[in-house]
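A.B. asks: Before anything else, here's the structure in question.
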Amino acid sequence: MSRLSSRLLRSRIIQARVIIQNPARLSRLPSPSYQADAHRQPPHHQDGSADAPRRPRSDRGREPWSSSSSSSSRDGQEPTGWAGGLQKFIEGCATAVGSILILGIAGYSYHAYYKEHVLRKMENAFAVGYSSVELAALSRHIDPNSSHASALAAVLDASDADADDEDNGWVMRDEQPIIDSIVDGSTKGFYHLISGEKGTGKTSMLLKAMRKIGGEGVAMMEAHGDPEIFRIRLGKALDFEFHEDYIGSLFSFKGPRDTTALLDIERAFNKMEKVALKRKEQVGKPLVLIITGVHFVRDDEDGQDLLELIQQRAELWAASGLVTVVFGSDDYWTMERLMWQATRLRVTSIRDIPRDAAMQAVRKFRHKAYGEDVPDNILAEVYAKIGGRLSFLSRVAKSPDMIQASNAICDRERRWLLNKYWILGKDLDPGGEDQQDLSSAAMLLAKALVDKEEAMKREGNYDGSLPQIPLHEARQIMTNAAWIKNHDHHNIFTINPDGMVQADSVSMQAAMRDICKMPGFQEHLQETLDRLDEIESLQRTREVTLKDLGEGGKYKLVLTKNPSGETEAELSLKTEPGAETT
């Protein structure tokens with residue numbers, strides 16, 4: 001009992017101390033005896049400080065009661081019930097709406113900034129100066145031992161005539177003014193195809209025209225057979241990242257969806273169209289997009305879709321005067337593909353330099369570079385071997401011995417023809433039929449060109465130009481219309497925009513002449529053709545083997561024609577009496 005009494009007394013003392021700290025709780029006490037204890041004063045120490053009320057052990061870890069909090073709750077400053085819930089709901093909604101609003105404003109601001117940033121970058125791609133690809137192409141016009149700063153200054157100096165002598169500028173071309181008017185934007189309303197054989201100087205003239213205007217308003221790229229690589233090169237030329245650097249997902253803004261390369265190219269053209277509209281208002285001239293090496297685009301479904309996409313935009317831009325698209329190609333099939341739906345296409349053919357202009361240019365270059373006065377007979381012999389192909393002339397003119405360099409070029413062309421399309425004769429393996437079909441067709445057409453050249457010489461109307469055969473006759477000689485495209489792609493024959501077939505160069509014609517005059521060439525060619533016919537006949541023949549014929553037995557085959565004219569075969573087996581069959 002004494003222990004219970006002491007516990008009860010201790011609890012009374014604690015409750016009394018609590019009442020002293022918070023008198024408002026007095027009304028909640030169950031017994032009136034606590035009211036008397038509420039007037040008791042807490043004991044004081046000698047220093048005058050009162051003992052702090054001790055909290056019950058069960059209340060440790062809880063927040064102490066305070067009169068301010070109790071009084072505020074009783075005064076209604078923190079509403080409870082449905083009013084408090086409504087207030088908390090409104091606060092939560094305001095916080096959510098504010099967060100969404102801030103996120104939306106930030107995302108929209110970034111999206112608008114990114115779109116403007118993309119256009120600024122593309123405008124800079126068409127500003128004065130050159131991209132890395134253009135600068136690398138132009139670097140051959142300057143001294144490779146110079147510093148980067150001086151090299152760039154030499155490239156930007158369009159009046160630096162000495163730089164032309166380092167490459168092909170020493171040869172004056174009649175087509176250069178046409179190329180200049182296309183690149184500087186003077187010629188409007190058309191898009192262009194610059195066609196010609198490899199080494200005729202198409203790209204050199206385009207680069208020279210770019211140097212004259214400092215690259216302003218011009219973007220240049222080289223095509224590729226893979227649409228994905230074409231997409232990357234187009235983005236590099238236009239300084240367009242195809243939204244690969246877009247971080248709008250951080251603001252819950254979905255970027256452009258990933259898809260094929262053709263759709264990315266279409267997006268790049270949409271951006272370039274906006275830049276072209278702005279430039280037309282400010283300058284009044286169209287942008288120029290140069291795509292060289294279009295013959296590298298494969299002639300399949302993907303390549304045709306890519307070429308069709310570019311041509312559709314080129315037609316639209318040419319009609320509106322926004323962008324002038326310039327194609328450069330070595331192969332005839334590119335023009336054949338573009339022509340069938342072209343209305344504003346203009347074809348500029350770049351051919352070999354005429355005889356007099358080529359000889360005069362070589363003489364001037366040798367006199368300036370080596371102080372040598374080349375005789376006319378040497379120049380005539382050089383031209384007879386390599387013709388007016390600009391790349392060959394440049395190599396020969398810079399060589400110490402021009403005759404030896406010309407012979408080396410002819411030997412290289414001859415080896416190229418033999419390695420690609422030599423015929424194998426009567427020992428041809430059946431597995432090589434497809435390749436030998438192309439080889440025999442090449443040799444048949446080569447022989448036809450050589451025969452025509454000899455006929456022109458006999459008639460006295462040979463002027464030194466290469467003999468030509470119409471395209472339809474060449475296909476008839478080859479017996480297959482699709483084969484000549486392969487020969488054109490490998491620089492054996494070339495087809496000009498007028499549809500005339502000739503050897504790819506003078507040195508290639510000389511190689512064909514040497515091969516056709518080889519002893520036994522005609523017999524070797526005929527043996528190859530006979531072997532191809534034999535292989536084809538074997539592939540069409542079906543052999544029927546009859547076995548297990550008994551002794552004295554016979555087979556009887558009767559061929560008859562029915563009323564409709566079809567042949568019917570009837571096979572029967574006849575055996576002698578007493579003979580056994582197995």
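Heads up, the Cβ atoms here are built off N, Cα and C, so glycines get one too.
Automatic, uncurated: that is what TrEMBL annotation is.
Keep in mind that this is a model prediction, so the values were computed, not measured.
As annotated by TrEMBL, region 'Disordered' applies to 28-80, 561-582. Residues or ranges marked as compositional bias 'Basic and acidic residues' by TrEMBL: 37-63. Under the heading domain 'Orc1-like AAA ATPase', TrEMBL lists 190-316. Residues or ranges marked as domain 'AAA protein C-terminal winged helix' by TrEMBL: 419-536.
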A.B. asks: Take the domain 'AAA protein C-terminal winged helix' (419-536) and count its residues per DSSP category (helix H/G/I, strand E/B, coil), listing them in that order.
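C.D. replies: When I sort the residues of the domain 'AAA protein C-terminal winged helix' (419-536) into the three classes, I find 78 helix, 9 strand, 31 coil.
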A.B. asks: Give the residue counts of the domain 'Orc1-like AAA ATPase' (190-316) per reduced DSSP state, in the order helix, strand, coil.
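C.D. replies: Residue counts for the domain 'Orc1-like AAA ATPase' (190-316) by secondary structure: 69 helix, 16 strand, 42 coil.
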A.B. asks: Give the mean pLDDT for the domain 'AAA protein C-terminal winged helix' (419-536) on the 0 to 100 scale.
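C.D. replies: Average per-residue pLDDT within the domain 'AAA protein C-terminal winged helix' (419-536): 93.
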